[in-house]
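This report refers to the structure that appears directly beneath it.
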Amino acid sequence: MESEQLFHRGYYRNSYNSITSASSDEELLDGAGVIMDFQTSEDDNLLDGDASIGTHYTMTNGGSINSSTHLLDLLDEPIPGVGTYDDFHTIDWVREKCKDRERHRRINSKKKESAWEMTKSLYDAWSGWLVVTLTGLASGALAGLIDIAADWMTDLKEGICLSALWFNHEQCCWGSNETTFEERDKCPQWKTWAELIIGQAEGPGSYIMNYIMYIFWALSFAFLAVSLVKVFAPYACGSGIPEIKTILSGFIIRGYLGKWTLMIKTITLVLAVASGLSLGKEGPLVHVACCCGNIFSYLFPKYSTNEAKKREVLSAASAAGVSVAFGAPIGGVLFSLEEVSYYFPLKTLWRSFFAALVAAFVLRSINPFGNSRLVLFYVEYHTPWYLFELLPFILLGVFGGLWGAFFIRANIAWCRRRKSTKFGKYPVLEVIIVAAITAVIAFPNPYTRLNTSELIKELFTDCGPLESSSLCDYRNDMNASKIVDDIPDRPAGTGVYSAIWQLCLALIFKIIMTVFTFGIKVPSGLFIPSMAIGAIAGRIVGIAVEQLAYYHHDWFIFKEWCEVGADCITPGLYAMVGAAACLGGVTRMTVSLVVIVFELTGGLEYIVPLMAAVMTSKWVGDAFGREGIYEAHIRLNGYPFLDAKEEFTHTTLAADVMRPRRSDPPLAVLTQDNMTVEDIENLINETSYNGFPVIMSKESQRLVGFALRRDLTIAIESARKKQEGIVGSSRVCFAQHTPSLPAESPRPLKLRSILDMSPFTVTDHTPMEIVVDIFRKLGLRQCLVTHNGIVLGIITKKNILEHLEQLKQHVEPLAPPWHYNKKRYPPSYGPDGKPRPRLNNVQLKPIAEEREETEEEVHLLNSTTL
């Protein structure tokens with residue numbers, strides 16, 4: 001409600017102009033032909049942008065939507081290009097919100113005029129549900145295709161089904177009558193590569209040949225994946241969630257959600273998973289779903305011409321992505337709300353739920369795993385947990401938090417080293433090396449050779465009468481006096497102890513390889529590797545507690561509830577709790593993670609253990625750093641993202657952050673009616689600023705409004721072409737009434753229609769805590785700093801990010817808190833408290849005798865870049 005009130009308050013005077021606006025949005029659907037330089041990507045730089053002379057600029061203001069209206073009084077048609085955004089710029093949430101409100105009012109005012117207008121109104125009202133329906137359908141279909149293809153190609157590394165080449169190992173043996181219970185995965189129809197090449201099914205020669213073919217297929221899949229990414233869609237690499245979070249916060253990364261990225265990411269995700277790298281497909285599925293949502297949004301004008309509305313579709317798409325990744329529709333909605341979305345109104349909640357529902361329904365209809373479940377590792381437990389078990393559950397949470405803190409620091413350090421060394425210039429070589437090391441080490445261990453999802457399934461599964469895994473190799477105790485349950489706790493056999501050692505080696509392998517794998521130039525998710533690490537640790541702890549309860553059932557901690565012959569401990573439950581704890585430690589998710597894991601098990605009984613482990617992992621991880629892995633990668637890549645979870649506890653003021661600083665060039669401004677067309681063109685050519693405050697005159701220096709560089713350029717060019725008498729000496733007028741001019745003067749140029757009359761402003765003594773909060777909640781790109789109505793400077797999103805980054809580097813503040821209560825003047829004022837005089841270009845005049853700081857002036861930061 002506060003946002004709405006501010007929208008109304010800031011636009012009441014000028015919003016009527018936007019009724020006739022028909023500006024079109026610049027689409028994100030470009031081929032990904034350019035590799036983004038993560039080291040130098042910036043937000044919109046209103047003061048220190050990289051604008052080059054003579055180019056057009058796409059900037060919008062955070063205070064009004066006037067720039068999307070008629071640029072010239074004599075032109076009836078809107079000028080193309082106004083209201084759009086350039087690549088690597090931030091959208092104006094306030095402007096987009098008000099533009100959508102004006103569109104809605106226009107449609108409602110016309111719907112009673114005719115049946116056609118009523119139909120258009122209904123189409124507009126239902127377009128939101130249609131686009132999320134299409135997104136859910138496409139997401140579910142692509143997820144099913146990826147699951148089926150990844151399973152088939154993973155088994156291709158070990159052999160092939162001669163009777164039906166398109167069957168994986170499990171499907172190949174379904175129809176065979178020659179399988180046995182102990183060797184259910186062996187059938188005549190399935191041939192290993194050793195049997196096909198050298199004709200041997202057993203022996204050293206067979207093992208070596210299968211080893212060689214396993215490495216060959218792993219390297220082939222990895223090479224093909226990284227080559228497709230590098231050549232066709234550079235944005236298809238990684239998990240995509242850090243970039244999705246940044247895009248949902250309002251940043252433009254053109255091509256990141258395009259059709260080429262969708263196509264290549266879908267193909268290479270299958271290849272990357274099949275190569276056996278320590279990665280998962282769950283995170284990239286969120287990127288795939290958002291690509292679908294972005295593409296379908298262009299079918300509906302309501303979303304194609306409004307970037308803020310489009311992000312509502314992307315929020316729903318991210319929920320659909322998690323829904324098909326884990327088979328958890330409710331968890332997907334909560335994930336979108338808790339983890340990725342920046343703006344999440346109530347109607348987006350409903351549509352996100354519907355999109356997740358449709359996606360889950362489509363995936364269930366496809367049934368890619370053949371178990372009538374949405375995920376491979378769906379499990380059900382029937383043994384209750386006991387109060388004592390909270391202690392090992394909390395210990396698993398501690399392990400998850402320590403693992404998350406270690407992984408974030410190690411992975412960020414490696415990614416930073418990759419960017420700063422020559423090694424980062426050879427992404428194909430890096431992927432080949434990582435894939436080769438992974439394949440060579442993974443093959444001898446049966447638990448690392450398995451597909452990660454199948455490994456998690458085996459670790460989650462409780463030992464029953466039909467299980468033949470080594471983890472279920474228990475000895476039957478014939479001396480038990482009575483059997484309470486069908487499958488009581490039993491002493492571990494040799495197979496269990498052997499499996500524990502193999503799991504310990506697999507745990508070390510997964511921890512090391514995941515650090516180096518996440519961030520390479522192939523689609524790579526983090527959910528499944530983190531869950532696998534936690535599941536391994538949890539299964540080991542579960543077996544240890546189970547054996548402890550069996551051999552020491554007379555201890556007071558077991559005596560009351562665990563009697564001899566009863567099934568007291570479920571090791572699979574410990575694996576599930578450990579998986580949730582490790583994933584929570586890496587991502588710092590809480591509510592959504594608990595719900596996702598709850599939907600995997602289908603039992604409310606285990607909510608408390610999950611909550612205890614997840615919260616413990618978050619607390620332990622936060623003790624080493626509050627950033628999750630996605631926020632850390634956002635900061636590493638330099639994306640302009642203001643994290644709402646981060647608290648601002650410093651005592652700086654707006655005057656400490658605003659530009660210009662003392663060592664910066666003076667603030668360039670425009671006057672209301674004293675400048676000519678040539679003066680403005682010279683100012684545009686001589687500076688790289690993307691916006692200029694407009695003041696009344698050199699004498700009063702009071703703020704009138706804000707004009708964007710792009711709008712000024714387009715307006716002047718259009719006026720020279722379409723209006724007679726506009727020359728370089730023509731007076732430019734931003735005022736409502738043109739001042740009286742001599743008769744021989746050229747025709748004046750009126751540009752009031754492009755002026756934002758209500759830019760967001762703060763005073764120089766506004767605490768930065770409030771300024772940061774305003775930027776976060778309203779999605780501002782810039783605001784002006786004033787003192788008694790006189791403009792002093794400007795604060796952009798980039799300035800705030802620089803300020804936050806540099807404050808983190810200072811252990812102690814440079815000035816005590818009481819110092820900020822002193823009466824002081826910002827750099828734009830002299831020691832007498834009066835505004836400094838300005839030159840004819842209406843810029844601040846440097847004063848030589850004021851180079852040294854006075855007692856009233858405190859400067860916490862130097863003018864440095866991020």
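One-based numbering along the chain as shown.
Here the Cβ of each residue, glycine as well, is placed from N, Cα and C on the backbone.
TrEMBL labels come from automatic prediction, so no person has curated them.
Small disclaimer: the values here were computed from a predicted structure and weren't measured.
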- In TrEMBL, which of the ranges 47-66, 647-666, 847-866 has the region 'Disordered' annotation? 847-866
- Note on the structure: Other same-chain positions with a Cβ less than 8 Å from the transmembrane segment (573-598) and lying at least 6 residues past its termini are 322, 326, 328, 330-332, 334-335, 337-339, 379, 381, 383, 385, 392-393, 396-397, 399-405, 407-408, 456, 459-460, 462, 526-527, 530-539, 541-542, 545, 604, 606-607, 609-611, 613-618, 620-622, 626-630
- Task: Using a Cβ-Cβ cut-off of under 8 Å, list the residues of the same chain that are 6+ residues beyond the ends of the transmembrane segment (284-301) and lie near it.
- Result: 27-29, 127, 130-132, 134-135, 138-139, 142-143, 146, 238-241, 243-244, 247, 257-259, 261-262, 265-266, 269, 310, 313-314, 316-318, 320-322, 324-325, 340, 359, 523-525
- Verify whether three or more Cβ pairs under 8 angstroms connect the transmembrane segment (126-150) with the transmembrane segment (428-447), leaving out any pair fewer than 6 apart in sequence. no
- Excluding the flanking five residues on each side, which residues at least 6 beyond the ends of the transmembrane segment (256-277) place their CB within less than 8 Å of a CB in that stretch? 28-32, 142, 145-146, 149-150, 153-154, 156-157, 214, 217-219, 221-222, 224-226, 228-229, 232-233, 235-236, 240, 243, 247, 284-285, 287-288, 290-295, 314, 434-435, 438-439, 442, 449, 451, 513, 517, 520, 522-524
- Task: Grab the same-chain neighbours of the transmembrane segment (313-337) for me: Cβ-Cβ under 8 Å, and only residues 6 or more beyond its ends, written as numbers and ranges.
- Result: 128, 131-132, 135-136, 139-140, 143-144, 244, 247-248, 257, 281-283, 285-290, 292-294, 296-297, 303, 343-344, 348-349, 351-360, 362-363, 373-375, 378, 527, 589, 591-593, 595-596, 598-600
